[in-house]
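Participant: Not my notes, these are from Swiss-Prot:
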type     : residues : note
CROSSLNK : Lys21    : SUMO2 cross-link
COMPBIAS : 47-57    : compositional bias 'Basic and acidic residues'
CROSSLNK : Lys52    : SUMO2 cross-link
COMPBIAS : 70-106   : compositional bias 'Basic and acidic residues'
CROSSLNK : Lys127   : SUMO2 cross-link
DOMAIN   : 131-235  : domain 'Bromo'
CROSSLNK : Lys186   : SUMO2 cross-link
CROSSLNK : Lys197   : SUMO2 cross-link
CROSSLNK : Lys201   : SUMO2 cross-link
CROSSLNK : Lys212   : SUMO2 cross-link
CROSSLNK : Lys241   : SUMO2 cross-link
COMPBIAS : 273-301  : compositional bias 'Basic and acidic residues'
MOD_RES  : Ser279   : phosphoserine
MOD_RES  : Ser289   : phosphoserine
CROSSLNK : Lys305   : SUMO2 cross-link
CROSSLNK : Lys307   : SUMO2 cross-link
MOD_RES  : Lys328   : N6-acetyllysine
CROSSLNK : Lys344   : SUMO2 cross-link
MOD_RES  : Ser380   : phosphoserine
CROSSLNK : Lys389   : SUMO2 cross-link
MOD_RES  : Ser482   : phosphoserine
COILED   : 536-567  : coiled coil
MOD_RES  : Ser621   : phosphoserine
Amino acid sequence: MGKKHKKHKSDKHLYEEYVEKPLKLVLKVGGNEVTELSTGSSGHDSSLFEDKNDHDKHKDRKRKKRKKGEKQIPGEEKGRKRRRVKEDKKKRDRDRVENEAEKDLQCHAPVRLDLPPEKPLTSSLAKQEEVEQTPLQEALNQLMRQLQRKDPSAFFSFPVTDFIAPGYSMIIKHPMDFSTMKEKIKNNDYQSIEELKDNFKLMCTNAMIYNKPETIYYKAAKKLLHSGMKILSQERIQSLKQSIDFMADLQKTRKQKDGTDTSQSGEDGGCWQREREDSGDAEAHAFKSPSKENKKKDKDMLEDKFKSNNLEREQEQLDRIVKESGGKLTRRLVNSQCEFERRKPDGTTTLGLLHPVDPIVGEPGYCPVRLGMTTGRLQSGVNTLQGFKEDKRNKVTPVLYLNYGPYSSYAPHYDSTFANISKDDSDLIYSTYGEDSDLPSDFSIHEFLATCQDYPYVMADSLLDVLTKGGHSRTLQEMEMSLPEDEGHTRTLDTAKEMEITEVEPPGRLDSSTQDRLIALKAVTNFGVPVEVFDSEEAEIFQKKLDETTRLLRELQEAQNERLSTRPPPNMICLLGPSYREMHLAEQVTNNLKELAQQVTPGDIVSTYGVRKAMGISIPSPVMENNFVDLTEDTEEPKKTDVAECGPGGS
């Protein structure tokens, strides 16, 4: 019985400890009881009372069991049990009173009023603004969201002040940013998408004007302008009109603005809003569900309308420019036979002439323009052409025979590790071409040793003698024996050129026999070589200058070929610059040509037709064939030469 009593003792206050009493709040307005608010729900209250009644019955059962057990408990414990019973009775009476009071309150209380939670003020205002937005504002907001996505760094989100960018207000007179554009959209300041486009251009151009091209702000503005103009293009806007409902209503709302009456403003707002939503759904459904033919027709009509609008705008701009010119520009067509052949569509042309005299460094206007200044440096790739390289698969690699010396009978005789042909094919190649010598080897060695000293030459000659069994030395001796004869012949030619025949008397006083003797003497001294006869000393100097210029041009070509044919190192991006020798030769050629051009008339250098062609004037010239001089062709008439040969008798 003691264990059983202990078990009931632990469950004595179980329900009272874990069940909380509900809190009640009675609201009174004007002295009358209006509503009752409770933290516990009604279903929970009823279940609470039923559970408490069951709990009281359970207490009565426990009390009867205690009374039965008290008969066997001693006197000291009997008083303690009585006190417990009295406390339980008081608590039970108190609970019963509270339950009856709650039942009375529930019976006399009016119907409970559940107050809804307060709606936030901001959400209602935002909904009101969304309802009041026009289709144009919704379209502009949609475009603004697309434009701001192209600015991830938020460079253009807020206005720029002088504190952020010093001197910004002095340079930029009309600042613009995304927040200002949003404010304008909110205030309904934009009447069309073109105004938003103009403000967007202004914002990007301001950033490009204030910042230098090397800065990240300039590059971001340029990139944003490029992507933004694609978003604001007519094709993208047309595609948005076909895909979004409020964009499709843009054209309809513009037409409805002119036909609306002021009397419609007194209608009920809720009904008007409901009717507007229904009509908007119907219009959107009608806009989305036309056939393909209707879509094509609408698209063609819109394209024609845009083309006509663009033509009208261009015409208006031309008229405005003509008016602002003050009579300098006219719209009349010029009737004339002269025109420019290289005329561009915008009316500009170029003059195809090279400036004859280049300005010297230090003079005003000196600015040499090269092709590399317009193209820039090579960013990727190599600066040389790809050279020819034989494919490795085309190379025949025979087997390699091995020789270990004596006592190697059982060692391998050949190595076929890197061979790509069989042993039989290798033997065939060795037997066919094994004893052939390289014929041009001696010439290649001489070319290789062209700039070397005597000792390498002796080594090369001895090597070639061994290979040719003394034939190389015999060939060299024959060549050395033939050299003195050629040298003597060339020396006589040089002395003949250096000799000058002076005339004692003027040519007019000499008779014909004397002139014939002089001509014969010149021919004898030149050993039959034809001699050029010039009309004057100036012509002879002129011809010498031309010969010198020709020689300089050949040397310049050789120097350029030598420089451009060498393979530059792989770490260099640009080509090798001209050497000092090339610069010196080019300067000499320029000075010679300048001196030669100063001694003749312009008609001797270039024809009238060539000058007119360079200027772009197309006037037919009847004497064009006579005036045209082709400097590249050789003259058909041979040079006047006097040759006289002497017989064996000296006659």
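Backbone N, Cα and C atoms are what each Cβ position is placed from, and that goes for glycine too.
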Participant: In whole Å, how far is Lys307 (SUMO2 cross-link) from Lys344 (SUMO2 cross-link) when you measure between their Cα atoms?
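Facilitator: Checking the Cα atoms of Lys344 (SUMO2 cross-link) and Lys307 (SUMO2 cross-link) gives a distance of 23 Å.
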Participant: When the Cα of Lys389 (SUMO2 cross-link) is compared with the Cα of each of the recorded positions Lys197, Lys212, Lys305, Lys307, Ser482, which one is closest?
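Facilitator: Looking at Cα distances from Lys389 (SUMO2 cross-link), the smallest one goes to Ser482.
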Participant: In sequence order, which same-chain residues at least six apart have a C-beta under 8 angstroms from Lys201 (SUMO2 cross-link)?
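Facilitator: Non-local contacts for Lys201 (SUMO2 cross-link): Leu225.
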Participant: What Cα-Cα separation, expressed in whole Å, is found between Lys212 (SUMO2 cross-link) and Lys197 (SUMO2 cross-link)?
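Facilitator: Checking the Cα atoms of Lys212 (SUMO2 cross-link) and Lys197 (SUMO2 cross-link) gives a distance of 24 Å.
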Participant: Which one of these recorded sites has the most other Cβ atoms within 10 Å of its own Cβ: Lys197, Lys344?
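Facilitator: Result for the most crowded candidate: Lys197.
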Participant: Do me a favour and check the Cα-Cα span between Ser482 (phosphoserine) and Lys197 (SUMO2 cross-link); whole Å is fine.
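Facilitator: For Ser482 (phosphoserine) versus Lys197 (SUMO2 cross-link), the Cα atoms are 90 Å apart.
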Participant: I'm trying to understand the geometry here, so how far is the Cα atom of Lys305 (SUMO2 cross-link) from the Cα atom of Lys197 (SUMO2 cross-link), in Å to the nearest whole number?
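Facilitator: About 20 Å separate the Cα atoms of these two residues.
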Participant: Given a separation of at least six residues and a C-beta threshold under 8 Å, show me what packs close to Lys186 (SUMO2 cross-link) in the same chain.
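Facilitator: The answer is Gln137.
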Participant: Here are some recorded positions: Lys305, Lys328, Lys389. Which one has the most Cβ atoms within 10 Å of its Cβ?
Facilitator: Lys305
Participant: Cβ neighbours within 10 Å, counted over all protein chains: which one of the recorded sites Lys212, Lys241, Lys307 has the most?
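Facilitator: Checking each of Lys212, Lys241, Lys307, the winner is Lys241.
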Participant: Please work out the number of neighbouring Cβ atoms within 10 Å of the Cβ of Ser482 (phosphoserine), leaving out its own Cβ.
Facilitator: 10
Participant: Between the Cα atoms of Lys197 (SUMO2 cross-link) and Lys307 (SUMO2 cross-link), find the distance and write it as a whole number of Å.
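Facilitator: Just about 19 Å between their Cα atoms.
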Participant: Take the domain 'Bromo' (131-235) and count its residues per DSSP category (helix H/G/I, strand E/B, coil), listing them in that order.
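Facilitator: Going by DSSP assignments, the domain 'Bromo' (131-235) contains 66 helix, 0 strand, 39 coil.
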Participant: If you measure Lys328 (N6-acetyllysine) to Lys307 (SUMO2 cross-link) at Cα, how many Å is it?
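Facilitator: Rounded to a whole number, the Cα-Cα distance is 29 Å.
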